[in-house]
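Summarising the annotation, Swiss-Prot assigns substrate binding site to ASN123, THR173, LYS177, ARG295, HIS327, SER379 and lists sequence analysis as the type of evidence. Among the features that Swiss-Prot reports, active site, proton acceptor is placed at LYS175, HIS294. Taken from Swiss-Prot, the feature Mg(2+) binding site applies to LYS201, ASP203, GLU204. The annotation N6-carboxylysine is assigned in Swiss-Prot to LYS201. Per Swiss-Prot, phosphoserine is recorded for SER208, and the stated evidence type is similarity to another entry. Residues annotated as phosphothreonine in Swiss-Prot, with similarity to another entry given as evidence: THR330. If you look up Swiss-Prot, you'll see LYS334 marked as site 'Transition state stabilizer', on the strength of sequence analysis.
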Amino acid sequence: MSPQTETKASVGFKAGVKDYKLTYYTPDYQTKDTDILAAFRVTPQPGVPPEEAGAAVAAESSTGTWTTVWTDGLTSLDRYKGRCYHIEPVAGEENQFIAYVAYPLDLFEEGSVTNMFTSIVGNVFGFKALRALRLEDLRIPTAYIKTFQGPPHGIQVERDKLNKYGRPLLGCTIKPKLGLSAKNYGRAVYECLRGGLDFTKDDENVNSQPFMRWRDRFLFCAEAIYKAQAETGEIKGHYLNATAGTCEEMIKRAVFARELGVPIVMHDYLTGGFTANTSLAHYCRDNGLLLHIHRAMHAVIDRQKNHGMHFRVLAKALRLSGGDHVHSGTVVGKLEGEREITLGFVDLLRDDFIEKDRSRGIYFTQDWVSLPGVLPVASGGIHVWHMPALTEIFGDDSVLQFGGGTLGHPWGNAPGAVANRVALEACVQARNEGRDLAREGNEIIREASKWSPELAAACEVWKEIKFEFPAMD
């Protein structure tokens, strides 16, 4: 036996497999202010104790592997390992537990959402000892937050750029989402902006297809913006989707948007990736562009209740990576979203400091230490009858986006925009006068429609529209 082998054996190295909980389950651990804290919903396989399952998550998302390795002796596991420090059963669910894991900050590269997610939600989600695993929430320490730029501008700077205060902003996604020529697309943009909307939007899958190349779309939309601004005296914008197949092409499109003098561009941050998104956010801050973020693909990740990742985690990641707007659900439209849970992550997007509140899905107190806020965007199956509820639920710091609810107006695009603007102004005025939007909302809309034929026509078209499907899961 060589001296080296004898030395290693003498310090206690023993090859083989041992339970994760012996090393990674530490219920006496006191979390540090610099730790990243994670709350996982864990569903162990039959026969796997919850402590072992929670420890396995901590191990496989930090320093652990399936067997003991001799190179463990070359570093300090106590310094670098993740720790499962608390486990609690999920009320009303069989064999589901919330496992709380603390990660030392040294495990993560500064300013990199990509690296953070590669560790915390990487290979561990395919681990055989778990039937299902869901990341419910993260506590990002202030020391780590300060390594990120965050949103290019934030809520207050955006309002100052647009000179719009005291109300939600209004938007519209141009439909049909695919198939229009650039000129017809620009015409729809102009009509909606002229009618009273603040923004129009590329749909998330509008990039640079054969029927409408990106440069042509950018040019016709810029023309529409300038014409609408001249006629209305208001600052207008269109979310020009810069998402592309490469980061270089994405930046090239953003550069062209800046050269046209438009105020805002757009990115699909999940399909485009966090590295690309952070690069674009940095470019937007340096060059005075606002950045609208679409969350296409989020439901693949967040819709299952016991596996994947809750959108509040994706929302926190977006605030770190950078974006001035992000889609957040509506509570009232065609897309899924529970009111209290949705408002929980809306507050995580906008506010500087958010207290732990399990009733709203917030597992940890979060301090954003001066990182700018993000405007939540309510979009998907909403129309004028929803305006009172949306105004009450989301408040002033939001974007209310009506696609079909604008372009589906029987008189055309501009009257559809007029109807939405009148409905919004009526709701804001009623709220400022002390009226109860939740109780008097329909009456407020009916009163406003008496002096707005465009709103009256919209009210008639969408009076019976509902999106109610029984939930089977």
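First residue shown is number 1, and so on along the chain.
A Cβ is built for glycine as well, from the same backbone N, Cα and C atoms used for every other residue.
Small disclaimer: the values here were computed from a predicted structure and weren't measured.
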Which secondary structure state does DSSP assign to ASP203 (Mg(2+) binding site), in the simple three-class scheme?
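Note: ASP203 (Mg(2+) binding site) is coil by DSSP, not helix or strand.
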By the count of other Cβ atoms within 10 Å, pick out the sparsest of the recorded positions ASN123, THR173, SER208, THR330, SER379.
ASN123
Taking each of ASN123, ASP203, GLU204 in turn, which of these binding-site residues have a Cα lying within 10 angstroms of the Cα of HIS294 (active site, proton acceptor)?
ASP203, GLU204
Hey, which of the recorded positions LYS175, LYS201, HIS294, ARG295, HIS327 is the loneliest by Cβ count within 10 Å?
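LYS175, out of the recorded positions LYS175, LYS201, HIS294, ARG295, HIS327, has the fewest neighbouring Cβ atoms within 10 Å.
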Checking the recorded positions HIS327, THR330, SER379, which are within 10 Å of LYS201 (Mg(2+) binding site) at the Cα level?
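None, since no candidate lies within 10 Å.
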For the C-alpha pair, I'd like the distance in angstrom between SER379 (substrate binding site) and LYS175 (active site, proton acceptor), rounded off.
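Cα-Cα, rounded: 13 Å.
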List, in sequence order, the residues of the same chain other than LYS201, ASP203, GLU204 whose Cβ lies within 8 Å of the centroid of the Cβ atoms of the recorded Mg(2+) site.
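Going along the sequence, the neighbours come out as THR173, ILE174, LYS177, ASP202, ASN205, VAL206, TYR239, ASN241, MET266, HIS294.
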With THR330 (phosphothreonine) as the reference Cα, tell me which of the recorded positions ASN123, THR173, LYS175, GLU204 is the closest one.
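Ranked by Cα distance from THR330 (phosphothreonine), first place goes to THR173.
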Relative to the Cα of LYS175 (active site, proton acceptor), which of the recorded positions ASP203, GLU204, SER208, ARG295, HIS327 have a Cα no more than 10 Å away?
ASP203
Could you give the Cα-Cα distance between HIS327 (substrate binding site) and SER208 (phosphoserine), in whole Å?
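Between the alpha carbons of HIS327 (substrate binding site) and SER208 (phosphoserine) there are 22 Å.
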Restricting to the chain of ASP203 (Mg(2+) binding site) and a gap of 6 or more, list residues whose Cβ falls under 8 Å of its Cβ, or answer none.
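Once residues fewer than 6 apart are set aside, ASP203 (Mg(2+) binding site) is near THR173, ILE174, LYS175, LYS177, LEU178, ASN241.
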Check each residue in the chain of GLU204 (Mg(2+) binding site) that is at least six apart in sequence and keep those whose C-beta is under 8 Å from its C-beta; list them in sequence order.
ASN241, THR243, ASP268, THR271, HIS294, ALA296
What kind of secondary structure is HIS294 (active site, proton acceptor) part of, going by DSSP in three states?
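Once the DSSP labels are grouped into three classes, HIS294 (active site, proton acceptor) ends up as strand.
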